[in-house]
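*Asks:* Provided herewith is a single structure, encoded as structure tokens, for subsequent inquiry.
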Amino acid sequence: MFMSSFIMAIDQGTTSSRTCIINQAGGLVAEAREAFKQIFPKPGWVEHDPEDIWYSTQRSMRLALEKAKIKGSQIRTIGITNQRETVMLWDAKSGKALHNAIVWQCRRTQDLCEKLKKNKKEKIITAKTGLVLDPYFSATKIQWLLKNVPNAAKKAKDGQALAGTVDSFLLWKLTAGHSHKTDVSNASRTMLMNIHTGWWDEDLLKIFGVPEAILPEICPSNSDFGVTQGLGFMPDGIPITGIVGDQQAALFGQTCFETGDSKCTFGTGSFLLLNTGKKAVKSKNKLLTTIAWKLKNQEMTYALEGGAFVCGAAVQWLRDGLGLIQQSSDVEALAKTVDGTDGVEFVPALTGLGAPHWQPEARGLICGLTRGSTKAHIARATLEAMALQNVDILNTMQRDLGKKLRGVRVDGGAAANDLLMQMQADYCGANVVRPQNLETTALGAAFMAGLGAGVWKDLKEIKRVWKVNKEFKVKMTPKARKERLQRWAQALERV
């Protein structure tokens, strides 16, 4: 075993870049975060400056090393996880961005998607990618950049421009332009990769008008992606051996390695992924079929993905919009002052309904109010709604997979809320497991890189490193669960 078994996990997110130093025991040694600017040029448009992404990433790397009180030479390997779908175009020689990055939230390509739907392209796109035709994914974003950025199409044609998701841009920068690669999980979100072959698809490239030459090489998630060069604060030659998209990284960080394992990340929204093993399960309910990861010399591992638009954001709204609580963490104590909601239901469709309903025009609803209703009832109804909308997604996943869940592993900020976690277990009828380390996205990148570099020799060794904080066992009877889910379904019908 190497003396220096520290792993650096870069977690490049939507609002900040973060670096975690993880030790061989899977423990968090140090963490540093650097926020960066959000750019909104027009309503519905969201951009990031690629130089901000790169600067904030470097700064978080330096700060994490300082906090850990270690030198860059003590890093055994680097793993990268990142906001998915966000895409950029840069000069192949200088590395200078040709335009701001177009962020996953950006809706500017809605018209391009509608045009493709009218031209009957949706069926072939979904069959090859497992995705729904939507501006969320990278393909129409790259198409927009090539059409609208001066000289971009010519530079692309002449081999003078490169395109990629955030992971491939960071890799290119970390290796001083020597490596233009991505992993299967990130590539599966571009809408340009065939998830059944694991490579860029000729038909899709033609549909979106993207030349293959500008795209990175697709690799297994624990590949030898390249080595550091020219960073200054770290020596040259440190290997980068893990890349995985953020939600897939959380699935891996939760050691959801078996078919039927699932994780739920409680963030602004909630993200649920279910490991479907070697089979790309086609959803009958508009869930996304995606690649979880591919390990070297192994078959692809697939997943089903669904998300609710509003999760923690509902609690923020109670705080900022209604003024019911002073800080988000107060919601649990307030909700505990009552035994139930006393008939109050809250459907938090504040920005529409996500999976499995897909009603972007839907708006939020609080119903069942009486003179006896208090802010505590509304607080409790909010927590119940957060759990119930996840149940809708989990039940849909079970139907698509054709087998019962093996339990749910949870992470993200709201996973620290014991009352919410017990509700989640009761309403989905499966035990909920919370790990000691809730930063599972960074941990997933560290596990992947460690696997690639030989810090851990296999998935069994990684499983031994993963530690449980608490398991929430089902307490609710099947009859009570059925009645509660019926009341929720009735509230949804009123939205």
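Cβ coordinates come from backbone N, Cα and C, glycine included.
So Swiss-Prot has the following annotated:
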BINDING   Thr14, Arg84, Glu85, Tyr136, Asp246  sn-glycerol 3-phosphate binding site
BINDING   Thr14, Thr15, Ser16, Thr268, Gly312, Gln316, Gly413  ATP binding site
BINDING   Thr14, Arg18, Thr268, Gly312, Gly413, Asn417  ADP binding site
BINDING   Arg84, Glu85, Tyr136, Asp246, Gln247  glycerol binding site
*Asks:* Per DSSP, to which secondary structure element type does Gly312 (ATP binding site) belong, with helix, strand and coil as the options?
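*Replies:* Looking at the DSSP assignment, Gly312 (ATP binding site) belongs to a helix.
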*Asks:* Pick out which of the binding-site residues Thr14, Ser16 has the most other Cβ atoms within 10 Å of its own Cβ.
*Replies:* Thr14
*Asks:* Could you check which of the binding-site residues (Thr268, Gly312, Asn417) sits closest to Tyr136 (sn-glycerol 3-phosphate binding site), going Cα to Cα?
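*Replies:* For Tyr136 (sn-glycerol 3-phosphate binding site), the spatially nearest of the binding-site residues is Thr268.
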*Asks:* Can you grab the distance from Gln247 (glycerol binding site) over to Arg84 (sn-glycerol 3-phosphate binding site)? Cα atoms, rounded to a whole Å.
*Replies:* 8
*Asks:* I need the nearest neighbour of Thr268 (ATP binding site) among the binding-site residues Thr14, Arg18, Arg84, Asp246, Asn417, using C-alpha distances.
*Replies:* Thr14
*Asks:* Measure from the CA atom of Gln316 (ATP binding site) to the CA atom of Asn417 (ADP binding site) and give the result in Å, rounded to a whole number.
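*Replies:* With the alpha carbons as reference points, the distance is 14 Å.
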*Asks:* Max Cα distance spanning Thr14, Arg84, Glu85, Tyr136, Asp246 (sn-glycerol 3-phosphate binders), Å?
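*Replies:* Largest Cα to Cα distance for the sn-glycerol 3-phosphate-binding set is 15 Å.
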*Asks:* An 8 Å radius from the center of the Arg84, Glu85, Tyr136, Asp246, Gln247 Cβ atoms defines the neighbourhood of the glycerol site; name the other residues of that chain inside it, in order.
*Replies:* Gln83, Thr86, Trp104, Arg189, Gly245
*Asks:* Using C-alpha atoms only, work out the spacing between Thr15 (ATP binding site) and Arg84 (sn-glycerol 3-phosphate binding site) and round it to an integer in Å.
*Replies:* 13
*Asks:* Could you find out if DSSP has Thr268 (ATP binding site) as helix, strand or coil?
*Replies:* coil
